[in-house]
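Trainee: Mind having a look at this structure? Questions to follow.
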Amino acid sequence: MTKNSPVAIRGLYAITPDETDTARLLDLCKMALAGGATVLQYRNKRVSGEQAREQAQALLAMCRAYRVPLIINDDVELAAKLDADGVHLGIDDGDITAARSTLGASKIIGASCYNNLGLAQQAARLGADYVAFGACFPSSTKPHAPRADMTLFQQARELGVPVVAIGGITLDNAASVVSAGADAIAVIGALWNAADIKAQANQFNQLFS
Ligand SMILES: Cc1ncc(COP(=O)(O)OP(=O)(O)O)c(N)n1
Ligand SMILES: Cc1ncsc1CCOP(=O)(O)O
Ligand SMILES: [Mg+2]
């Protein structure tokens, strides 16, 4: 099933850190949301099972209060169980058609396309709501991520779905990512490592105003 309905994926797309302390995770995310993050992705490679469910459930309640969509990384079943706003799938995370049939037409499905326009074309054809390219810059969060050329963004815009950039994005390079054509910037390290997360989120978002 294809969908491609317009979804507002624009601005700072915050992705959670690998935080095992749930209270701390919630505090951090609250600051990012207060600073104006427009999308939150729950991605935690250090917890699983019941703790992942608890963290995602608590973040969903917080995101609802801020009217910000919560996307679950990797796990379609968790997204469905919680009635979260969508899922983000990499190349090894299951296929878009199956995710759509599990989640239904109203949910957001994002697809990692690495450095590959062909993957983005296929993802859009299968009904992905946004396509993500990266790493745009060296990433200490994911040092072995393949590098993506930002000239892809303009080409991908022709697919008619939002283009998300990820990987090593900082306040020093984010303007170049936006001017290359990204609709949203997905950030981990440069957001959560900031001394003032709320102010940092606000500065990232201002690049889109
Ligand atoms: C917005 C966004 N873009 C890319 C990714 C990376 O997804 P994937 O390649 O599946 O890698 P992991 O995040 O699962 O390590 C993402 N999560 N979000
Ligand atoms: C999940 C992921 N996929 C490509 S790079 C990356 C990590 C992004 O984190 P950071 O913003 O800290 O580089
Ligand atoms: Mg993944």
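Just so it is clear, glycine is given a Cβ too, placed from its N, Cα and C backbone atoms.
Automatic, uncurated: that is what TrEMBL annotation is.
Residues or ranges marked as domain 'Thiamine phosphate synthase/TenI' by TrEMBL: 12-191. According to TrEMBL, the 4-amino-2-methyl-5-(diphosphooxymethyl)pyrimidine binding site annotation covers Gln41, Tyr42, Arg43, Asn44, Lys45, Asn73, Ser112, Lys142. Residues or ranges marked as Mg(2+) binding site in TrEMBL: Asp74, Asp93.
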Trainee: According to DSSP, collapsed to three classes, what secondary structure does Asp74 (Mg(2+) binding site) have?
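Mentor: Going by the DSSP assignment, Asp74 (Mg(2+) binding site) belongs to neither helix nor strand, so it counts as coil.
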Trainee: Taking ligand 1 as the reference, state which of the binding-site residues Tyr42, Asn44, Asp93 have a Cβ closer than 6 Å to one of its atoms.
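Mentor: Cβ < 6 Å from ligand 1, in sequence order: Asp93.
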Trainee: Given Asn44 (4-amino-2-methyl-5-(diphosphooxymethyl)pyrimidine binding site) and Asp74 (Mg(2+) binding site), what distance in Å do their CA atoms have, once rounded to a whole number?
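Mentor: Approximately 10 Å lies between the Cα of Asn44 (4-amino-2-methyl-5-(diphosphooxymethyl)pyrimidine binding site) and that of Asp74 (Mg(2+) binding site).
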Trainee: Going along the chain, which residues six or more apart from Arg43 (4-amino-2-methyl-5-(diphosphooxymethyl)pyrimidine binding site) have their CB under 8 A from its CB?
Mentor: Ile15, Thr16, Asp18, Asn73, Asp74, His88, Ile188
Trainee: Asp93 (Mg(2+) binding site) to Ser112 (4-amino-2-methyl-5-(diphosphooxymethyl)pyrimidine binding site): how many Å between their Cα atoms?
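Mentor: Computed Cα spacing between Asp93 (Mg(2+) binding site) and Ser112 (4-amino-2-methyl-5-(diphosphooxymethyl)pyrimidine binding site) is 10 Å.
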Trainee: Which binding-site residues out of Gln41, Tyr42, Arg43, Asn44, Asn73, Asp93 lie by ligand 2, going by a Cβ under 6 Å?
Mentor: none
Trainee: Of the binding-site residues Gln41, Asp74, Asp93, Lys142, which ones put their CB under 6 Å from ligand 3?
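Mentor: Result: Asp74, Asp93.
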Trainee: Tally every other Cβ atom lying within 10 Å of the Cβ atom of Asn73 (4-amino-2-methyl-5-(diphosphooxymethyl)pyrimidine binding site).
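Mentor: Other Cβ atoms found within 10 Å: 22.
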Trainee: Kindly assign Lys142 (4-amino-2-methyl-5-(diphosphooxymethyl)pyrimidine binding site) to one of the three DSSP-derived states: helix, strand or coil.
Mentor: coil
Trainee: Looking only at Gln41, Tyr42, Arg43, Asn44, Lys45, Asn73, Ser112, Lys142, the residues listed as binding 4-amino-2-methyl-5-(diphosphooxymethyl)pyrimidine, what is the longest Cα to Cα distance in Å?
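Mentor: Max span of the 4-amino-2-methyl-5-(diphosphooxymethyl)pyrimidine binding residues, Cα based, is 17 Å.
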Trainee: Select the most exposed residue of Lys45, Lys142, where exposure means the fewest other Cβ atoms within 10 Å, treating these as the binding-site residues.
Mentor: Lys45
Trainee: According to DSSP, does Ser112 (4-amino-2-methyl-5-(diphosphooxymethyl)pyrimidine binding site) sit in a helix, a strand, or coil?
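Mentor: Once the DSSP labels are grouped into three classes, Ser112 (4-amino-2-methyl-5-(diphosphooxymethyl)pyrimidine binding site) ends up as strand.
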